[in-house]
Every structure is written in structure tokens, then in C-alpha cells.
């Protein structure tokens with residue numbers, strides 16, 4: 001990107017390669033000049049990152065990948081292969097929660113926004129059809145927004161960043177409908193917590209369950225490639 005965007009307002013979009021973040025990118029492109037930001041953080045399945053690279057390329061946006069070794073800490077089924085990804089619903093915060101992940105990701109996005117002069121950060125957190133992660137709640141986003149006002153040059157100078165959460169109060173079905181309206185090709189996306197090397201989904205984890213149900217409720221054919229059972 002070389003530090004330059006076009007003439008439209010600028011935004012950093014967190015892009016995992018999954019359904020929600022890809023919908024966010026399409027939504028953001030209708031409003032902003034976008035840079036997509038992804039993370040290699042030691043996640044169990046890296047095919048989502050392959051998907052993110054392809055999605056960003058097809059969308060024609062600059063894409064940066066940040067390397068962080070959260071697997072060195074473990075503490076989650078997504079970063080520790082000794083912890084199984086559950087295939088049944090769990091009470092409380094599930095073992096697929098990665099400690100402080102959104103805080104870490106948003107902090108990098110905040111730095112990128114300052115460096116590249118972005119006015120907004122777009123993240124696909126959702127508090128309706130989600131797995132119960134504490135860093136996907138409205139009060140978390142508000143708290144991070146308040147922190148960013150205090151911790152950044154832009155905030156101190158009276159030009160605080162906007163944190164856009166277009167999916168926050170949408171059901172998975174309505175997220176899919178929004179993406180379809182913006183031309184999203186969901187066959188490119190990978191949502192599964194334990195997708196195989198070809199990006200095929202297990203069809204059993206919580207992320208797969210929410211995704212499957214979303215397509216059913218949206219009345220849209222599910223383009224997901226599943227591992228043969």
C-alpha cells in the first residue's frame with residue numbers, strides 16, 4: 001500500500017477468511033477505501049488465511065498478514081492441539097475462545113489505522129448467533145473505543161477512530177442476506193475451526209453448526225465444501 005489510499009474515507013478491515021469478516025469487507029468496500037488485515041496466530045486451521053488472501057485479492061484490496069505466536073501460550077482449542085475442538089454445544093465460554101484475541105487484533109488494527117491514516121476499523125463481531133465469546137459483546141467494543149480515544153494521537157487530537165460493527169445485532173441468516181446483497185461469494189470462505197488442508201469443513205463444530213443453520217434460515221444454498229463423513 002506504501003502508506004497511501006485513494007480519495008475515499010479509509011478503513012482497516014479485520015479479515016479472517018470466514019463468513020462474517022468477508023461480509024464485513026464487502027460492506028466496508030461500499031463505504032471506504034479498505035485495507036484488509038489478517039493474522040497468522042498459530043491457529044489450528046490455516047486454510048482460513050489462504051481464503052482471506054484469495055478474498056482480498058479478488059476484492060482488489062491491499063492485504064497485510066501479521067504474524068503472532070499465540071500458540072506459544074495455548075489456552076484454546078484453536079491454538080493448542082492438545083485441546084479437542086468440541087462437537088457438541090457447551091455451557092458458558094467454550095474452549096474455542098482464544099484469550100484476548102480480539103483485543104490483540106484490534107490493537108494491531110489501531111496501529112495500522114494510525115500509520116495509514118484510516119478513519120475507521122471494521123470488525124465482524126456478532127452478539128446474536130455466536131459462540132458466547134466475551135470479546136464479541138457491544139460493551140466490549142464500547143470499552144475498546146473509549147480506550148482508543150485515550151491511547152492514540154488521533155483520539156488526543158480530537159479525531160477519534162470509528163469502530164464499525166455492521167454485524168453486531170444481525171442473525172447469521174441476516175448476515176448472509178447482507179453479504180448476498182453485496183455480491184459475496186461464500187464458496188470462497190472458510191469458517192470451520194478444524195478445516196482440512198483443502199479448506200473443507202468438518203460440519204460438526206460450533207462454527208459449522210451456526211453457518212449451516214444460517215444458510216438454511218436465509219433460504220440460500222450452502223456452498224460450503226464438507227469433509228465426507
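Just so you know, glycine gets a Cβ as well, placed from its N, Cα and C.
Here Swiss-Prot flags 15, 16, 17, 18, 19, 20, 21, 22, 23, 24, 25 as ATP binding site. Annotation source Swiss-Prot lists Zn(2+) binding site at 192, 202, 205, 208.
Most Cβ neighbours within 10 Å among the binding-site residues 19, 202: this distinction goes to 19.
Secondary structure at residue 202 (Zn(2+) binding site), taken from DSSP and collapsed to helix, strand or coil, is coil.
Here the candidates are the binding-site residues 192, 202, 205, 208, and by Cα distance the one nearest residue 17 (ATP binding site) turns out to be 192. In the three-state DSSP classification, residue 192 (Zn(2+) binding site) falls within coil. It is 25 Å from the Cα atom of residue 202 (Zn(2+) binding site) to that of residue 25 (ATP binding site). For the recorded Zn(2+) site, residues 192, 202, 205, 208 set the reference point as the centre of their Cβ atoms, and the other residues of that chain within 8 Å of it by Cβ are 85, 191, 193, 194, 195, 201, 203, 204, 206, 207, 209. When Cα-Cα distances from residue 15 (ATP binding site) are compared across the binding-site residues 192, 205, 208, the shortest belongs to 192.
Counting every protein chain shown, 27 other Cβ atoms lie within 10 Å of the Cβ of residue 192 (Zn(2+) binding site).
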